[in-house]
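Here is what TrEMBL says about this protein:
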| type | residues | note |
| --- | --- | --- |
| TRANSMEM | 119-139 | transmembrane segment |
| TRANSMEM | 203-221 | transmembrane segment |
| TRANSMEM | 233-251 | transmembrane segment |
| TRANSMEM | 271-294 | transmembrane segment |
| TRANSMEM | 315-335 | transmembrane segment |
| TRANSMEM | 378-396 | transmembrane segment |
| TRANSMEM | 408-431 | transmembrane segment |
| TRANSMEM | 437-457 | transmembrane segment |
Amino acid sequence: MLESRLISLLRRNKDLGRNISSNLGRWGFTATKISNETSFSILGQQRLFSSLPKLAPSSRNFIRRTFVNYGLRSFHHLNHKGVHRTSFRNISTVAASAAENKEGLKFLVTAGPHARKMVGIWLFTSAAWVFSMVVLGGVTRLTRSGLSMTDWKFTGSLPPLTDEDWLVEFEKYKQSPEYKRVNKGMDIEDFKFIYWMEYAHRMWGRALGIMFALPFSYFLRKGYITVRLGLRLSGLFALGAGQGLIGWWMVKSGLEEPASEYVEPRVSPYRLAAHLTSAFAIYCGLFWTALSVVMPEPPAESLACVRGAAKVKRLALPVGILVGITAISGAFVAGNDAGRAFNTFPKMGDTWIPDDIFSMKPLIRNFFENTSTVQLDHRILATATLAAIGGLWLSTRKLDMHPAVRHLIGSTMGMAALQVTLGISTLLSYVPVSLGTAHQAGALTLLTFMILLNHTVRRPSTSLLKTLPSSVAKMV
């Protein structure tokens, strides 16, 4: 009898809660709806559990099962209507607005998480495209294909489509210093290979411009992109457009007659370094911006982890700058063809330091034009970079850090060791295309790790800091 009365009580509570919540829903109080339904559920629980001790064990078990089933059905009913989902979505939106307005956290992309995801995918794709451009440019340089096209148009042009067109292009190339001094006697099939390499590199860059501009226009039209992000991306787009001009400026230097008949025609190392540095800058800007869009807050578990990340940042920033300088020095190694000299390690030939490292006047020219000095500088910088990253790894092992930061430091250490190994192997093998390309890609990969590390250890917003505990208990 008592069991029937309790079940009837539960049903009355359910009907009463549904009627009140439906009235409140018509008045627009979604959150109050949940609160009232919960209060009636709690009332039913209190009445039920106050009566349980008076019942027999079998009756208590039956009533408990009935109450649990009712609770699950009620929760499913509310969730099916979208009450919980809508409320939590509103709460997260309000919290984000409060953080943006009161605590200074400003998102680069408006219109919510879906818009941030779309813009982030676009930016990461653009960064990956630039990465592939750097790799393709390395292959073009190492196969000596960069001087095969002796003219340039900003919008590009169709490739030779007939035998007559190929003969015209081949005749143009025969007038260049490279053909006369390096490739004299080359047949047209070999010329087609180097021509296609340079043509692919140029058109791949133009395709990147289209792939960047069209989504950029779409997101601007939709209103997803803030003014701050729009200005940053416009600057990167302008730098990318200028990259084509820098590339032609570099190639043009290789089409000029060398000062001496004993000098092999090649592009200016200064212009090659400018071309590669510009590509690296575009890549770094795109990658950093993409990270800022999809990860507006750094990972943080506690205030202790934030303090540990701040200590890592003080070391990671100068190490990242050193990685960038080492990569730029590699551009001068490529521009002077210094990788094909002193193909021994650790010594440079029979000595540790060549005798002619300061043979040019003025003195500063040796650091950019002297083959011996340029390669020695790159060796020293590469060794210093490996030592600096190793020091970063050792000095941060005992710090309280987020696991992602710790794994990232370890991965950076491994990538630095791999890059040095690639560099030594490339030198000892007399710069084959495969290893030379891998070494250039490795430089950009190591720089990627350093960008990711510096982005991950930046300071969280004030709103996030207020929610963090002082420390996190460690699992034993």
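Glycine residues also receive a Cβ, built from the backbone N, Cα and C atoms like all the rest.
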Please report, as numbers and ranges, the same-chain residues at least 6 past the borders of the transmembrane segment (233-251) whose CB is under 8 Å from any CB of it. 146-147, 149, 152, 154, 202, 205-206, 208-209, 212-213, 216, 225, 267-268, 271-272, 274-275, 278-279, 281-282, 285-286, 289
Ranking 119-139, 203-221, 271-294, 315-335, 437-457 by Cβ pairs under 8 Å to the transmembrane segment (378-396) puts first 315-335
Which of 119-139, 203-221, 271-294, 315-335 has the most Cβ pairs closer than 8 Å to the transmembrane segment (437-457)? 315-335
Taking the transmembrane segment (271-294) as reference, the highest number of CB pairs under 8 angstroms among 119-139, 203-221, 315-335 goes to 119-139
